[in-house]
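Annotation comment: TrEMBL describes 75-108, 118-159, 167-201, 250-286 as repeat 'WD'.
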Amino acid sequence: MGKLQSKISFHTTKYRADGSVGQMGAAGASQQHSPTHTDAVTSVAALKPDLCVSGGRDKSVAVSSWRSGAALRRFLGHEREVTKVTSALDSNRVFSASRDKTVKMWELHGASGPSQHFPGHDLVVTGLAVSPDASQLCTGSRDNTVCKWDTETGECLGRAAISRNLVTHLCWVPGEPYVIQTSEDKTTRVWDSRELQVAHTFPAKQHIQTCCDVSQDGRYCLSSSSGSAGHGAEATLWDLRQTRARVCEYKGHFQTTTSCVFLPRGPALTPSIATSSSDSTVKVWDQDTAGRG
């Protein structure tokens, strides 16, 4: 990644296991912050360009600053571990799912309690996707169902069940009424949120699909696979316009690839993706060639 690093000027930030954050830059100053969560962090998502939202085993949802590492808000209300968090970028609404089978909505500048509840799943909620305008929410669960909700009223606008469709992740396609979903049945589905019907199912993989992401231009989606001992554990690039075959695969992890994400693209940078794995590594890939940075 020498070429990439040579084009970027930045301060070095170190995140230590004790939860403190130290910045070493021109000023040489350091800052100390208390841990945001008191137990393992299970999910994180962008909220605004300078804010992120996280959920944890401590049943809490926290809003933190990317720049300082400081926790700005902390929401309590779930009875069990928070499994997923999400938000429409530049929205003031935060959504969280939990092992208590519920989904809650929180207002960034509102009261400390949830502003809306979305009950209705029979098992742990494992997928969340919010529309770009934050008016609709799609949720998925290990109960084999996907639901659509009105975020203002909390009304369930639709519910679809598919046998063995144990949802692992959901993400909304920017500017489109489509939602991508990965599943333990080894498939990646494209849902039309308007009627809550499956618009397309990609060819099944050999392993459980653990996570998905969509590029900012809405042209491509990623899915990641479980695996062990070097078998499986890849990420797959799919073209949402040519929906019959995979475009590229990113192989190199030795354990389950737990997450995959498109990296923001700068004017002088090639399209890249990042993957994380149970093998304790994060890898950055050239999106087009599958070469590792």
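A Cβ is built for glycine as well, from the same backbone N, Cα and C atoms used for every other residue.
Across the range of the repeat 'WD' (75-108), the DSSP-based residue counts are 0 helix, 18 strand, 16 coil. Look at the repeat 'WD' (118-159): DSSP puts its residues at 0 helix, 23 strand, 19 coil.
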